[in-house]
Amino acid sequence: MSLTKKPVVLVILDGYGYREDSQDNAISAAKTPVMDSLWVNRPHTLIDASGLEVGLPDRQMGNSEVGHVNLGAGRIVYQDLTRLDVEIKERTFFENPVLTAAVDKAVAAGKAVHIMGLASPGGVHSHEDHILAMIELAAARGAEKIYLHAFLDGRDTPPRSAKASLEKFAAKFAEVGKGRIASIIGRYFAMDRDNRWDRVEQAYDLLTLAKGEYEAPNAVAGLEAAYARDENDEFVKATVIRGEGEASAAMEDGDALIFMNFRADRARQITRAFVNRDFEGFSRKKVVKFADFVMLTEYAADIRTACAYPPASLLNTFGEWMAKHNKTQLRISETEKYAHVTFFFNGGVEEPFPGEDRILINSPKVATYDLQPEMSSAELTEKLVGAINSGKYDAIICNYPNGDMVGHTGVFDAAVAAVEALDNCIAQVTRAVEAAGGQMLITADHGNAEQMRDPATGQAHTAHTNLPVPLIYVGDKAVKAVDGGKLSDIAPTLLTLMGMEIPQEMTGKPLFIVE
């Protein structure tokens, strides 16, 4: 009995999307006899790699991190923005036990509910729709005092665009009949991440003491005064919002504070100022004992406070499932995409699983990859072919970075050269897989090189696309392709080709049915 394994190989051609139109399309311009032949003669289909199908907002372009997480997880993995959008749409947000408990504690004690966050439609650190939903939640649970502390954007949105958002919040408060905007300040102060604690202190004092450099009777008036001082949204100085006869919105013991940013990096510092007992960033004039301080997502593992949406741990990703079944696997790529075939493909797990080997090929040391479009693909292919021939691995996951890394340069001829280099590599890998009696899937994590010019502006298109990506089967099994697939169907497809059971956590479906 032979102990030599017949591997199943997943080759991810990074940034290799599918586009019918040949205009400004480096993939169709390239001479690719091998990929052309495989596409014509082997079972194939197109799969989605962007938008809702990978857990991103509708029509948003895919990216390598999200792509590899979905590839390895075998299920759609919702990004925080989309996860919250879905929760609000399905109304489960309004029953979130952490958010409701915080509001209920404040209501029971007759205290205030404070909401703070980046008040914009930017969708990078937060979204105004989530804040509007939080106001609604607090009002529905009987909160009488609801105070919004609006951090203004101007980075992920145009520099002077906050007025529309502030008007939305004012309208929501009018609709629910309680609460108001209590302060405005630019994200430059409230969301610093470079230990410039003097900035954070200004935001902290504004919220805890209701003291700022300026005061205005309403938020729009405060914003317009800032513009008159030549402060764009990002740099608006601490402004207390308080109409005539309105009570102070200073934070008091027993109040609840909910931080509505979902991205961690710029939320950590001000959160630590509120919750750390041994805080040393600046001398706090007032330390508030909140009934609850809630962070919307986990900003850091060492921040000890309530979290409404803890990170979803991904159980039984492809890598973990292989290890549980005592299978061997190899992850191989160049420096540029090594983290993607390891950490991201494993669902955010840094350590290799038992039986998982890794090979890192150094990417070339050039200023930009248009100067060496083949990158280190020859060495990568040599090592990959060696691994296939070794008979050591049940599964091999490989990423060729060229289509993406050279596509990002915007240099068309270089992208064509990159694609042609890949075709030569695929020829060698295909021969090795067939000689070993193995099987291979060729796909991509997102598009890039198929769209090298922006038709709207005429400028080089250096970003990813939201186009589908190819999926090709190479092997000796008689298989039938299933259309309508997505990246999260790849792991179940690999397991099916290996004759393995698919874990229940994987909701993706096999895209090649063995006949």
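Placed from the backbone N, Cα and C atoms, the Cβ positions cover glycine too.
As given in Swiss-Prot:
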| type | residues | note |
| --- | --- | --- |
| BINDING | ASP14, SER64, ASP445, HIS446 | Mn(2+) 2 binding site |
| ACT_SITE | SER64 | active site, phosphoserine intermediate |
| BINDING | HIS125, ARG155, ASP156, ARG187, ARG193, ARG263, ALA264, ASP265, ARG266, LYS337 | substrate binding site |
| BINDING | ASP404, HIS408, HIS464 | Mn(2+) 1 binding site |
Counting other Cβ atoms within 10 Å of each residue's Cβ, which of the binding-site residues ASP14, ARG193, HIS446 comes out lowest?
ARG193
Could you measure the widest C-alpha to C-alpha distance across HIS125, ARG155, ASP156, ARG187, ARG193, ARG263, ALA264, ASP265, ARG266, LYS337, the residues recorded as binding substrate, and give it to a whole number of angstrom?
32
Given the Mn(2+) 1 site residues ASP404, HIS408, HIS464, which other residues of that chain have a Cβ within 8 Å of the mean position of their Cβ atoms, reported in sequence order?
ASP14, GLY15, SER64, GLY403, MET405, GLY407, HIS446, ASN448, ALA449, THR462, ALA463
How many Å lie between the Cα of ASP445 (Mn(2+) 2 binding site) and the Cα of ARG193 (substrate binding site)?
31
Expressed to the nearest Å, what is the distance separating ARG193 (substrate binding site) and HIS446 (Mn(2+) 2 binding site) at their Cα atoms?
30
Cβ packing number for HIS464 (Mn(2+) 1 binding site), 10 Å threshold:
25
State the three-class DSSP label for HIS408 (Mn(2+) 1 binding site), counting H, G and I as helix, E and B as strand, and everything else as coil.
coil
Other residues near the Mn(2+) 2 site, CB within 8 A of the CB centroid of ASP14, SER64, ASP445, HIS446?
ILE12, GLY15, ALA49, GLY62, ASN63, GLY67, HIS68, LYS337, HIS340, ASN399, ASP404, ALA444, ASN448, HIS464
